[in-house]
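As given in TrEMBL:
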REGION    411-432  region 'Disordered'
TRANSMEM  12-31  transmembrane segment
TRANSMEM  43-62  transmembrane segment
TRANSMEM  68-91  transmembrane segment
TRANSMEM  111-134  transmembrane segment
TRANSMEM  173-196  transmembrane segment
TRANSMEM  263-285  transmembrane segment
TRANSMEM  297-315  transmembrane segment
TRANSMEM  321-339  transmembrane segment
TRANSMEM  360-378  transmembrane segment
TRANSMEM  384-403  transmembrane segment
Amino acid sequence: SLQSSLNSEEGLGVASLSVLYAALMLSSMFLPPVVIKKLGYKWTIAISMCCYVTYSLGNFYASWYTLIPASVIVGLGGAPLWSAKCSYLTIAGTSYAEKTGKNAKDIINQYFGVFFLLFQTAVVWGNLISSLILSQSSTKVEISEEDLECCGAYNCLTDTINSTGSGRPSNSLIYTLVGVYTASSVLAVLLVIIFLDQIKSDQAETEKEKLEAPSFWSTFLATFRHLKDKRQCLLIPLTMYSGFEQSFLTGDYTKSYMTCALGIHYIGYMMICFAGVNSLCSLLFGKISQYTGRKLLFALAAVMNTGCIIALLLWKPHPKQLAVFFVIPALWGLSDAVWQTQTNAIYGILFEKNKEVAFANYRLWESVGFVIAFAYSTKLQVYIKMYILLSVLVLSMVTYGAVEYLEAKSSPGTPTPTKKANGGPHSQETCM
């Protein structure tokens with residue numbers, strides 16, 4: 001969330017993000033099934049996390065020769081990490097449902113809700129650290145009314161931000177910030193290695209699969225073969241939208257609204273607001289989805305995001321309107337909580353028999369959204385990017401509706417919510 005403002009010279013920060021997600025996109029195509037098969041879920045998570053440490057290290061001396069290679073490494077590790085994590089949660093949720101006689105779909109939704117609660121809470125602490133450290137900078141500059149005219153949807157596509165708000169913090173502050181992040185990353189890896197249980201999928205342990213192990217190329221290209229599933233293809237726009245909307249908030253809103261009108265030290269506080277609402281709503285939506293259904297939640301998120309986009313198109317940011325700078329990220333966080341928890345959950349539910357390749361596809365197409373958004377980030381005015389975002393949102397809701405239609409059509413009758421799962425989420429077998 002700091003890259004577009006902190007490393008804005010020659011577009012290095014945005015370029016690093018674009019390269020990161022391009023590498024993640026390639027990684028999603030090839031690596032998750034291979035890596036998970038060789039290392040198992042726990043060690044895939046642990047080793048992939050080490051890749052993220054390199055990104056913190058690359059920011060100690062941010063240049064094209066350090067940050068870009070670090071971005072490639074993160075991208076390569078990202079897809080196996082998230083695929084293994086999502087599969088881990090799905091297997092754990094299914095196992096718990098079998099032992100307690102509960103509906104696997106509801107338990108998986110709850111597990112993803114809890115995960116994203118913790119995930120977004122981490123964003124709160126990370127950005128609190130950045131705000132407290134960067135606010136010590138002595139390079140703050142008063143923002144003129146003329147400079148404010150270049151903020152917002154109809155920005156001037158210049159480096160105005162470099163001369164307004166707050167200049168680039170001193171190297172000592174940057175080293176302190178990156179040092180804290182690096183230490184946190186190393187600690188996280190150690191915690192996973194020491195405390196996370198190894199977990200196995202019963203499906204992957206059948207004797208038949210032991211005797212008839214798939215070839216390397218069969219596993220290598222599994223991500224592509226999964227696209228034969230019509231439901232996967234229809235979920236592509238929704239998955240890409242997740243990348244578009246996150247990249248807009250972290251790349252465009254932070255730079256053209258927050259940093260431009262208030263200063264770079266406010267980004268952390270804004271992200272805390274976003275992540276705080278996101279984490280609470282992730283837990284809430286994970287729990288209430290069994291009562292409301294996912295369709296209502298997706299509709300709520302679509303309405304909220306549409307309202308935010310329209311508001312940003314009409315609003316001219318000014319420091320005197322401080323509350324508005326935080327209301328928008330809060331509502332965006334509510335929407336993102338749905339996109340993250342429910343999209344991940346629907347992948348785990350629809351493709352329970354092909355979890356690894358399904359979640360690899362999730363990371364692939366979400367990364368495509370990130371890459372496209374960051375690629376045109378420095379080329380287009382903000383209002384054009386918002387129209388693109390709105391168009392992708394409309395398309396994603398149409399194709400998501402088609403997925404729900406196919407599911408309703410393939411499921412005979414309407415199962416009652418209180419029906420207990422007998423031996424796992426077999427209700428999805430009719431559409432496998």
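Here the Cβ of each residue, glycine as well, is placed from N, Cα and C on the backbone.
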Key: Outside the transmembrane segment (43-62), six or more residues from its ends: residues with CB under 8 Å to it   = 6-7, 12-13, 20, 35-36, 69-71, 73-74, 76-78, 80-81, 83-85, 88, 174-175, 178-179, 181-182, 185-186, 188-189, 192-193, 196
Key: Interface present between the transmembrane segment (68-91) and the transmembrane segment (263-285) (three or more C-beta pairs under 8 A)   = no
Key: Region pair the transmembrane segment (384-403) / the transmembrane segment (297-315), three or more CB pairs under 8 Å   = yes
Message = Can the transmembrane segment (12-31) be said to touch the transmembrane segment (360-378) if we require at least 3 CB pairs below 8 Å and skip pairs under 6 apart in sequence?
response = yes
Key: Cβ contacts the transmembrane segment (68-91)/the transmembrane segment (360-378), at least three under 8 Å, sequence gap 6 or more   = yes
Key: Remote residues contacting the transmembrane segment (297-315) - C-beta distance under 8 A, at least 6 residues beyond either end   = 152-153, 245, 253, 257, 285, 289, 324, 328, 331-332, 334-339, 342, 382-383, 386, 389-390, 393, 397, 400
Key: Distal contacts, the transmembrane segment (173-196) - CB-CB under 8 A, six or more residues away   = 6, 42, 45-46, 49-50, 52-53, 56-57, 59-60, 126, 129-130, 133-134, 136-137
